[in-house]
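Visitor: Take this structure first; my questions come after.
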Amino acid sequence: MKRGCRFSFHVCVIVAAIVYIYFSTVFIFIDQWFGLGSSPGLLNAAVFTCLALMCVYTYALAIFTDPGRIPASYVPDVEDADTPMHEIKRKGGDLRYCQKCALHKPPRAHHCRVCNRCVLRMDHHCVWLNNCVGHANYKTFFIFIVYAVVSCIYSLVLLCGSLTVDMTDEEQNEGFFRAAYVISGLLLVPLTLALTIFMFWHVYLILQYKTTIEYHEGVRAMWLAEKGGYLYSHPYDLGAYENMISVLGPNIFCWVCPTSEQIGSGLRFRTGVDKLAGTSF
């Protein structure tokens, strides 16, 4: 499912950062450390170029891929014994229904005020994508973060290595090269730190099979359960390994591949009770 891309200021900032980091890494850091004409220089340039291409490709996929729409024909069947779970409103106990979209909400779907539509298994609206992160593009979004972290760490290593070599030549440390090193350092250090924290946050969410929205809802639900003397557990938690394959796919060798294939339609999800009963969809 594709949608038209609407470029925003935030998207342009990301694109500019990717372009700057790539050219500074290849034509300054690698060139100054190894020399682009040498075998180590060509090898490092080739590896970093592949990483940069994967960053661009996964970022574009995350932007262009529709996160998941509720079919106009969707109506929850409360009498269907195979339906694993029906989420109800917090107040009133009715089935969840979006007045703005005039559609019933499947489990884990939420309405995005920015996109003005309901999104299947919505995680959050990302201004850096100018798109929601949901059922159909969550894996692509996560893989982009992983490639971005690896690329930033790789670039930082090359920056430090080339800087130690450059220090022996005072003339090349002046002017353009000095500015490039300063700007790259100021950009890469906080970016690497922020992306790494963000990546591990989503690793945690994947292991729990939660979305960002469900995490915050779960904190409140856990507090209310403990207050009432009950024990709260996330209903969609199937265990770490099954949670991972539910998001990244059943083939472990394809976990880092930027495919948007998901298990299921995004309208129904297995729960812990279904796992114990041996139910599959």
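Just so you know, the numbers here start at 1 and follow the chain as drawn.
Every residue, even glycine, has its Cβ placed from backbone N, Cα and C.
Pasting the feature list from TrEMBL:
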type	residues	note
DOMAIN	94-216	domain 'Palmitoyltransferase DHHC'
TRANSMEM	7-30	transmembrane segment
TRANSMEM	42-64	transmembrane segment
TRANSMEM	141-159	transmembrane segment
TRANSMEM	179-207	transmembrane segment
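Help me understand the surroundings of these features in the structure.
Guide: When Cβ-Cβ distances below 8 Å are used as the criterion, the transmembrane segment (42-64) is approached by residues 2-3, 5, 11, 14, 18, 21-22, 25-26, 30, 34, 36, 129-131, 133, 137, 140-141, 143-144, 147-148, 150-151, 154-155, 158, 258, 260 of the same chain, each at least six residues removed from its ends.
Among residues of the same chain six or more beyond the transmembrane segment (141-159), those with a C-beta under 8 A of the stretch's C-beta atoms are 21, 24-25, 29-30, 33, 44, 47-48, 51-52, 54-55, 58-59, 61-62, 123, 126, 129, 133, 181, 184-185, 188-189, 191-192, 195-196, 198-199, 202, 206, 247-248, 256-258.
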Visitor: Given a Cβ distance threshold of under 8 angstroms, which distant residues of the chain, six or more beyond its ends, lie next to the transmembrane segment (7-30)?
Guide: 36, 41, 44-45, 48-49, 52, 55-56, 59, 63, 127-130, 151-152, 154-155, 158-159, 161-162, 177, 180-181, 183-184, 187-188, 191
Visitor: Going by DSSP, how much of the domain 'Palmitoyltransferase DHHC' (94-216) is helix, how much is strand and how much is coil, in residues?
Guide: 70 helix, 17 strand, 36 coil
